[in-house]
Structures are given as structure tokens and as C-alpha cells.
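According to TrEMBL, the protein carries these features:
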TRANSMEM  48-74  transmembrane segment
TRANSMEM  80-100  transmembrane segment
TRANSMEM  120-137  transmembrane segment
TRANSMEM  149-168  transmembrane segment
TRANSMEM  175-193  transmembrane segment
TRANSMEM  199-216  transmembrane segment
TRANSMEM  228-246  transmembrane segment
TRANSMEM  252-270  transmembrane segment
Amino acid sequence: MVCAQVETSPRRCWQKVLYERQPFPDNYVDQRFLEELRKNIHARQYQYWNVVFESGVVVQQLCSVCVFVVTWWYMDAGVLSPQGLFGAALLTSLLGYVLFDAVDAGVGRQESGRTRWADLKSTLVFTAFTYGFSPVLKTLTESISTDTIYAMSAFMLLGHLIFFDYGANAAIVSSTLSLNMAIFASVCLASRLPRSLHAFVMVTFAMQIFALWPMLQKKLKARTPYCYVGVTALFALVALVGLASVSSVGAVLFASLLLSISCLCPYCLIRLQQLKDNIHGPWDEAEIKEDLSRFLM
């Protein structure tokens, strides 16, 4: 045991206790103090391609917003008819519905106990209510200027991206808030379309791309990672092609953003992780690891 020599007292060993008076200053520590030093004991080691794979969720959500805005622009310009969009959305929804059950061979449906009849009823109720209230949605924001509508929609879509559940365990994550902000943006933009049929199709398409599409992607990611990567790349390509038909500069900037998120940001994370230097030792605050929930009842 390492001991400390004090002139005014006999040789005595220092002990890290508070209940005993010792002939040492209050801030005294011996040579063993740094023996318990530990660095980066909770640091996570990331692999580059694993981080790239996880960034696909962010890429997909950005592409979803891009596809939605480009689709709205096509309808507003008269390039895309509401009948054509509704037919395409219906076809892709049926394909996605079949694929959703085929990925896990119906295991998820059996565990949830939800029947196909219940899914059909929910779809019919939502479609009927949306179609019935589409004239109201069309005239809901007539008293609001178009510039304000565009600003509100951009703010809501940005909030949708911020609060979306990307798989991180954080307090800011709120799937309900994220979906509500996306639907609110779709209602605002749909109110600027020519007819109530356009508003109905636009809101229906928003539900498909912001509510149903992420559910399918989440299951593909968990069950078939290679298929998930292929679908993500194809979806990003569709979004870029659609945006390029509207603005070539916007397509270049959006492609740069996707490449930065999927390739550059993971590289920066790996490099910065090597510079991480968190120290732990006896000076850390005590942590209570025992479950104290029984005392709160």
C-alpha cells in the first residue's frame, strides 16, 4: 500500500474514506488516483458500411418529401391528372400490401391478430371520409395567402423530417407528430389545387407515402437488407429524375445532399470517433443501478 509521509504526524497510510479524521488536506490524493483512469469505456465502434446502411432511412424520408412535392407540382401544373395519380397510387398500394405480408410470410399479421377484412374496412372508411370532406379541404385556406401556405407547408415538412422516427432512442422522436405535420402540409398544398378531386387524391397520396411507405421499408430493412438497399437506391433515383424534370439545379443540389448524408457523413462520423477521448474514474458521480421503481408506488 502506498503511504504518505507528513512531518507533523507519524507515517500513516491515506485512505479514501470520509468517516475517519486523517492528517491530510481535504484535496489530497495519493499516487493510486490515476490507476483507475479509464478512457472511452462506453464508446461505440462503428463500421463504415453499417453506418451507410443505417443512413438509408434518412435518404428515404428525404426522397419521400421530394416525390410528394414534385407530384404536387405536376398536378398544380396540369401535367398529371388526379385519375392517373389515384390509379398509380392504388396499384402501388396493392403491390406494397402483398409484399408487406410476403416478406415475413404473414408472421407479423398472425402476431398482431389483424385480419384483411379489418384492413379493407379501414381503407374504405378513410377513402370515403377523405372524399366526402375534399370540398372542405379545397376551400379550407381560401382566406390565407398563397405565400403563407407555401411557407407553412415547408415548415411542416421540415418538422416532419426532424421528428420522424429514424430508429434513434431520443426524446425528440415522435412518429405521431411527424405524421400529423406531413398531413397538415399535404392539406395546405392540396387546397391550392384546381378542384376538390385533386385535393382528395393529394391527401390520399400523402397518407400512402408518409404513413404506409415507411412501414414497408421498416419491414424490408429488418427482413431483407439487400432488397432494402435496392429499393432505397431505386426510390432515390425516381426522386432525382422527377426533380430533374422540374429543376436541374435542384436535382444536382438534392443529389449532393443525398451523397453527403449517405457517404460523407458516415465517413466523418468514423473519423471523429477516433478522436473521442472520454475519461472515467473515481471522480465520476455515483450511479444508482438498482431498480427503485418500487419506492415510487
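Glycine residues also receive a Cβ, built from the backbone N, Cα and C atoms like all the rest.
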Discussion item. Counting only residues 6 or more past its boundaries, what in the same chain has a CB within less than 8 Å of a CB in the transmembrane segment (48-74)?
Written reply: 80, 85, 157, 160-161, 164, 166-167, 186, 189-190, 193, 202, 205-206, 209-210, 213-214, 217, 221, 225, 228-229, 232, 235-236, 238-239, 242-243, 245-246, 254, 257-258, 261-263, 265-267, 269-270
Item to complete: Would you kindly check 120-137, 149-168, 199-216, 228-246, 252-270 and say which stretch has the most C-beta pairs under 8 angstroms to the transmembrane segment (175-193)?
Response: 149-168
Worksheet entry | Tertiary contacts of the transmembrane segment (149-168) (same chain, 6+ residues out, Cβ under 8 Å) | 54, 57-58, 61-62, 65, 68-69, 141, 174-175, 177-179, 181-182, 184-185, 188-189, 191-192, 210, 214
Response to the item:
If you count CB pairs under 8 A between the transmembrane segment (252-270) and each of 80-100, 120-137, 199-216, 228-246, the winner is 228-246
Fill in: Outside the transmembrane segment (120-137), six or more residues from its ends: residues with CB under 8 Å to it
187, 190-191, 196-197, 199-200, 203-204, 207
Worksheet entry | Sequence-remote partners of the transmembrane segment (80-100) [C-beta within less than 8 Å, at least six residues beyond its ends] | 71, 74, 119, 195, 197-198, 200-201, 204-205, 208, 212-213, 215-216, 219
